[in-house]
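Enquirer: Could you have a look at this structure, given as structure tokens, before my questions?
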Amino acid sequence: MPAIAVLAAAAAAWCFLQVDSRHLDALAGGAALNNANFLDNDQWLSTVSQYDRDKYWNRFRDGIQDDYFRNWNPNKPFDQALDPSKDPCLKVKCSPHKVCVTQDYQTALCVSRKHLLPRQKKGNVAHKHWLGPSNLVKCKPCPVAQSAMVCGSDGHTYTSKCKLEFHACSTGKSLNSLCDGPCPCLPEPEPLKPKAEKSACTDKELRNLASRLKDWFGALHEDANRVIKPTSSDPAQGRFDTSILPICKDSLGWMFNKLDMNYDLLLDHSEINAIYLDKYEPCIKPLFNSCDSFKDGKLSNNEWCYCFQKPAGLPCQNEMNRIQKLSKGKSLLGAFIPRCNEEGYYKATQCHGSTGQCWCVDKYGNELAGSRKQGTVSCEEEQETSGDFGSGGSVVLLDDLEDERELGPKDKEGKLRVRTRAVREDDEDEDDDKEDEVGYIW
């Protein structure tokens, strides 16, 4: 028995020496190999926290994806292998639900763990699979050259558009560039929309102005007929008389002829400017612009005269239209029916058929005080204007060649000249109006 015990002890000692010698040989061989690449040194690898138990360097700083570089050959020379000190993930801190993935020494991405497949076990060996490597192989790497930053549709700033496309490719997201430069994108300035020119005057104001101008022209025409007698030497004789047109009766056609200084039956800006007093009537220019149907900057005689035939500006005609709408084609018993002239204004004499009373009115239908009587009354057919153009009075056209004196029957007519005669007030004595006052009526 003692001999057997001695033999067993000797055999155990010999086995220990064999194992120990093999271990030393392995360490010696490993040290020699590590002279070529120190990454194969198990002792060095154990001190690096980012390497897993399989001792393969993982540049994603996460043990879950350490199989990304399973195909990396650690026996390559160091200049062709990976430099751990240049791992870009060392400077990146991802959120708890993401891990760091690098493409090269300058590109690091935080990838969601949802893109990682769960571990599958075969026996007692853990096999880890991840779709990232296959995706990254398909994605086009970005050049090292610097480029302009862009803001992605995910709200993150990328150093280049290529980096944005690479991130979209590697993560499977649909991303696009919102703007150049860092996020957030500044709102783009709205394109200047052409502002529609707003008319300075409403339609009602234009109609009222046309009505006042028509009254003014009527007063000018009336005064011209009183003080001016055409002579055989008048250069205006022999040309077309616009006043004979159906829509240019009396004062409208007469005023057109006076303004048409070159006798071309068109009023240009220089001719219309004779009545442009923008300081007092800012709606004059918009009125004539609205009457220029052909938009050629000129007014024909038809355009001129139609400009003053606004239905809404004819008081008596408007009243007749209102009565017709109320009656709906039936006769209104006991209703007052006004009498209108051809221009759409009230006639001077108005009578009520049911009561037999008559009275005098102006062209706008305003009854003259004390004129109402039973039976017929005598009213002047041409009433004074309403004074809408101001308190200065009505306007008389005079000859430029004449002196500033009272006109006689032998005076001549030439270019336009403007003077005023005072309007007699109802409450003033006739002795107070002896001399005319020169000036604009505005």
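Cβ atoms are placed via backbone N, Cα and C, with glycine included.
The structure displayed is predicted, hence computed values, not measured ones.
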Enquirer: Please work out, from what Swiss-Prot records, which of CYS340, CYS351, CYS379 forms the disulfide with CYS360.
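Expert: Record-based pairing for CYS360: CYS379.
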Enquirer: For which of the residue intervals 52-74, 420-442 does Swiss-Prot record region 'Disordered'?
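Expert: Residues 420-442 are the ones Swiss-Prot records as region 'Disordered'.
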Enquirer: Considering the candidates CYS100, CYS110, CYS183, CYS201, which is the cysteine that Swiss-Prot reports in a disulfide bond with CYS151?
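Expert: Matching partner in the record: CYS183.
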Enquirer: Look at the disulfide annotations in Swiss-Prot and name the partner of CYS169 from this list: CYS139, CYS142, CYS201.
Expert: CYS139
Enquirer: Which one of the disulfide-bonded residues (CYS94, CYS100, CYS110, CYS358, CYS379) has its C-beta surrounded by the most other C-beta atoms within 10 angstroms?
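Expert: Comparing the disulfide-bonded residues CYS94, CYS100, CYS110, CYS358, CYS379, the most crowded Cβ belongs to CYS100.
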Enquirer: Which ones, of the disulfide-bonded residues CYS94, CYS110, CYS151, CYS162, CYS340, CYS379, have a Cα no more than 10 Å from the Cα of CYS100 (disulfide bond)?
Expert: CYS94, CYS110
Enquirer: Just to verify a number: CA distance, CYS139 (disulfide bond) to CYS162 (disulfide bond), in angstrom, no decimals.
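Expert: Checking the Cα atoms of CYS139 (disulfide bond) and CYS162 (disulfide bond) gives a distance of 10 Å.
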Enquirer: Going by Cα-Cα distance, pick out whichever of the disulfide-bonded residues CYS94, CYS162, CYS360 is nearest to CYS151 (disulfide bond).
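Expert: Closest recorded candidate to CYS151 (disulfide bond) by Cα: CYS162.
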Enquirer: May I ask which of the disulfide-bonded residues CYS162, CYS169, CYS316, CYS360, CYS379 is closest to CYS94 (disulfide bond) if we compare their C-alpha atoms?
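Expert: Among CYS162, CYS169, CYS316, CYS360, CYS379, CYS169.
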Enquirer: Does DSSP put CYS183 (disulfide bond) in a helix, in a strand, or in coil?
Expert: coil
